[in-house]
Amino acid sequence: MEIICALLGSVLFTLTAVSAVPTGTFVTVSAPEPTHPMDDPNWVPPTGPPQEKDREYWQVTGQDRLRRQLKFGERNLRVAKNVIIFLGDGLSIPTLAATRVYMGGEERELSFEAFPYTGLAKTYCINYQVSDSACTAAAILMGVKNNYGTIGVSGHVPLMNCPLSLLEANRLTSILKYAQEDGRSTGVVTNTRITHATPAVAYAVAGARYWEDDTEVPEGCVDIASQLVRGDIGSNLTVALGGGSRHFYPVGTVDGNGEPGRRQDGRNLVHEWINDKADRELRAQFVHDRAGLLAVNADQIERLFGLFSGNHMSYRLLADQQREPSLEEMTASALTLLKRNERGFVLLVEGGRIDHAHHDNLAKLALDETVEFHRAVERTVQLMADDAADTLILVTADHSHTLTIGGYPVRGNDILATGDFSRLDRMPFFTLTYANGPSYGDHFHETGGRRNPADMLHRIRDPAFTYPAAVPYEDETHGGDDVAVFAQGPWAHVFSGLYEQHVIGHGLLYAACLGPDEFERSDACRERLRGSAAQSWHSLGHFALLPAMLVFGCLRTQILTM
């Protein structure tokens, strides 16, 4: 009798729900069985891990975390000799949460989530509510917000404007330039094209992020690849590793992996880089594959340049891992060389393919790329353990994406699977969904209504499986929400709170004792600067004192004979 009553109640609920649906809304035919697990009177609510049922578990873990938080109150006020900036392109907060589950559980913690200080940054460009990677990189690396799509220029330069980008008054200075002027080593590591928006901001100035080689750049301006090889900052980078070899080789030639070049000016920029370092008597090495990178002896070189793909490097899950190095391996190789400079270094590491996977609604690949990003940070913390007190590590994103984690999936549910059930169209739905993107047609009928996700569950392990998008769009867009900032090391506490994204750039300069003289300086910075001046005088040695003694002697003789 109870079962009959339950079924009648379910049918009555269904009829009520269907009658409340507006005319024209797609609804499937009602089913006699319960439409949602919770509608079943025999449904047993899920539970978490057994220990979580005990109050003692939460009391112990709560006290442990409290003690950790209290320890975080011990602020490091030293000068950040080394600054490492990890930028997860498109690494939204939902992406972080989903990746934890993807790695094995809601309670998991990414390497940088263990950092003592966390903040939130507002990501808009000065002319767009939702930003791109170029204007956000300017905020982080230069401390100035600017227009969408522009590289290293102020807001007075509209996108694609070459003449205004050439005016000195409109050109910005990155933290890597300040570091080079201070005698520190600098490096850029990315798994995108090294001429792509984020890494380009570190060393180039351009009216548009699209001017990666000479095929589109207006007359009078210099393409981004050329600036990496011949530019003021680019030519002095200690390490540059990434993809995008096509922008460095001329049409009709191929790189070491057989990838064709696309430059129209006939220049082979890799050869120019090698020749430039030889002319300057710098021991340099160019590599094009994983074997070459891992064979590098940092004690025998002073400069390292690596291009591992014609375009962006492959998603780690799809890469030929014998040929392409991982983001973790590139980062470790860069650090080995950069650490040799006792003055310190500044390194930018971009996990850029998180963004690309989101753009194609490829949620699994986005999460897997985030895991690789996590590994790169984890390895860095290990490699810098002996210099932790002098090393500021900052991890953030340039912008968000439209990925959401929705429904009421039970604890431990596969993040890539369906997690809840709609009583309105009687079908399950995926926990991960996008607001827009190219996958709309994969999940909605042309006549309206959803395709049944139950018929797709056998494909969720396929990296090429796309996740639902509510609005059809040729390329899933960025999101405009705030992004997380994680920091550890000297002055990491200044990155707490909610602030405009360009404040990150100013915090990095302050912590590292870099930037214009009129900027704020810490007491530790003033001591460092005084020490540098004294050491510079002392390094002149006795020979520098001899002219001064002669002048003093002459003046004394003149005074005595007067």
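The count begins at 1 with the first shown residue.
Any Cβ shown, glycine's included, is placed from N, Cα and C.
According to TrEMBL, the protein carries these features:
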- 1-20: signal peptide (SIGNAL)
- 31-53: region 'Disordered' (REGION)
- D89, H196, T198, E350: Mg(2+) binding site (BINDING)
- D89, D355, H359, D398, H399, H478: Zn(2+) binding site (BINDING)
- S133: active site, phosphoserine intermediate (ACT_SITE)
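Other residues of the chain with a Cβ within 8 Å of the Cβ centroid of D89, H196, T198, E350, the Mg(2+) site, are L87, S133, A137, T190, T192, A197, P199, G351, G352, D355, D398. The binding-site residues under consideration are H196, H359. Their Cβ neighbour counts within 10 Å are lowest for H359. The two recorded residues, S133 (active site, phosphoserine intermediate) and D355 (Zn(2+) binding site), show a Cα separation of 10 Å. On the backbone, the CA of D355 (Zn(2+) binding site) and the CA of H196 (Mg(2+) binding site) stand 12 Å apart. E350 (Mg(2+) binding site) and H399 (Zn(2+) binding site) are 13 Å apart (CA-CA, integer value). Taking the Cβ of D398 (Zn(2+) binding site) as reference, residues of its chain lying under 8 Å away and at least six apart in sequence are, in sequence order, L87, D89, G90, T123, S131, S133, T136, A137, I140, T198, V483. Note: the Cα of E350 (Mg(2+) binding site) and the Cα of H359 (Zn(2+) binding site) are spaced 17 Å from each other. Sequence-distant contacts of H478 (Zn(2+) binding site), defined by Cβ-Cβ distance under 8 angstroms and a gap of at least six in the same chain, are G90, V130, S131, D132, H399, S400, H401, T402.
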